[in-house]
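**Student:** Pasting in a structure now, in structure tokens, and then I'll have a few things to ask.
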Amino acid sequence: MSLIPKAELHLHIEGTLEPELAFTLAERNGVELPYDGIEDLRRAHLFSDLESFLDLYHAMTAVLRTADDFTELADAYLVRAAAQGVRHAEISFDPQAHMERGVPLGTVVEGLAHALDRAEERHGVSTRLIMCFLRDRSAESAMEVLEAAKPYLHHITGVGLDSAEAGHPPSKFREVYAAAGSLGLRKVAHAGEEGPPGYVREALDVLGVERIDHGLRSLEDPELVDRLAREHIPLTLCPLSNVRLRAVDTLEEHPLRAMMDAGLLVTVNSDDPAYFAGYVGDTFHAVREALGLTQEQLRELARNSFRAAFLDQDEARRERCLAEVADYDFDRE
Ligand code: ADE
Ligand code: ZN
């Protein structure tokens, strides 16, 4: 594991639900899980693609019912993140996955915010919350969620777009992103994970996003790569996720290093660490080993994470974190 100070910018809180907590919550809430214990559930963590993962990810959210459940989930993540060198976390959540099960948006947001609001004091981790729309649901549904979020906007920094990408281009969400921008929300979107480079362009040009989640398939379009580099658009890469969901065959073949060499502002993140066998410190270590990254390249990834973070309201924290990166002693690892 690498303890270099870092920001985690691409993390789905529902993807941090470890099997142990899932069974605890299932019992507490009287939810029956179709698995014969923790090991049986872990054996189900074998995915053929994004869709097969999303099926399990959504099925497991059934155990999350009360505000306390969401607080406990976020606390558990923050403890693990802090232990892996995370100083700042921008945490995504999927409101529709819960609202469709009858859990009110307020329960989700207030439960998460309870843990996030005390995270800096308890864990030394500053936080932001990013509300994601499920792109395989309708644009109207996304707009309803944005409307429902209005009483909770003081807890929410930005909006994102996730779930099954193919066939659901960013342009489908033009209006809801425009409305989110008018409310002062920051904008990110998954693009180029399984969808084509054109989806990355649309996320930038139609939705006006500031960061791209994944962006891996941008590499198929050299002009797009030039633009991403020129405009310093951050890409929040998730190498372990890409291997587990078969976007790349092996970690050794992951283009992270090539993307750094091409001048792209890339960051390393965990996506859904309970499902992909690694939190972000583990991920830094794994890419270092697999790709032979130098200490300076690891420092660059850590610096990028703070530069790409939504820390504009707290530049002093960004500077402190960057100074910690500069002073980091790799001999401690
Ligand atoms: N939701 C959780 N993880 C995701 C991923 N990797 N891509 C799209 N949607 C997701
Ligand atoms: Zn993701």
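Think of each number as a place in line: the chain as shown, counted from 1.
Even glycines carry a Cβ here, placed using N, Cα and C.
All TrEMBL annotations are machine predictions without curation.
Predicted, not measured: the structure shown is a model, and the values here were computed from it.
Relevant sequence annotations retrieved from TrEMBL are reproduced here:
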DOMAIN    5-318  domain 'Adenosine deaminase'
BINDING   H10, H12, H190, D271  Zn(2+) binding site
ACT_SITE  E193  active site, proton donor
SITE      H214  site 'Important for catalytic activity'
BINDING   D272  substrate binding site
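Help me picture where these features are in the structure shown.
**Tutor:** Sequence-distant contacts (6 or more apart, same chain, Cβ under 8 Å) of H190 (Zn(2+) binding site) comprise R135, G160, L161, D162, E165, I212, D213, H214.
Neighbour count (other Cβ atoms within 10 Å of the Cβ, all protein chains): 25 for E193 (active site, proton donor).
Over all protein chains present, the Cβ of H214 (site 'Important for catalytic activity') has 26 other Cβ atoms lying within 10 Å.
Secondary structure at D272 (substrate binding site), taken from DSSP and collapsed to helix, strand or coil, is coil.
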**Student:** Among the recorded positions H10, H190, H214, which have a Cβ atom lying under 6 Å from any atom of ligand 1?
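**Tutor:** Correct list: H190.
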**Student:** Among the binding-site residues H10, H12, whose Cβ has the fewest other Cβ atoms within 10 Å?
**Tutor:** H12
**Student:** Can you tell me how many other Cβ atoms are located within 10 Å of the Cβ belonging to D271 (Zn(2+) binding site)?
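**Tutor:** Excluding its own Cβ, D271 (Zn(2+) binding site) sees 31 Cβ atoms within 10 Å.
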**Student:** Given E193 (active site, proton donor) and D271 (Zn(2+) binding site), what distance in Å do their CA atoms have, once rounded to a whole number?
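**Tutor:** One finds 12 Å between the Cα atoms of these residues.
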**Student:** Give the helix, strand or coil assignment DSSP yields for E193 (active site, proton donor).
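**Tutor:** Assignment for E193 (active site, proton donor) reads coil.
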**Student:** What Cα-Cα separation, expressed in whole Å, is found between H10 (Zn(2+) binding site) and D272 (substrate binding site)?
**Tutor:** 9
**Student:** Taking the mean position of the Cβ atoms of H10, H12, H190, D271 as the Zn(2+) site, which residues outside that list, in the same chain, have a Cβ no more than 8 Å away, listed in sequence order?
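**Tutor:** Near the Zn(2+) site, beyond H10, H12, H190, D271, sit L11, G15, S92, D162, D213, H214, T236, C238, S241, N269, D272.
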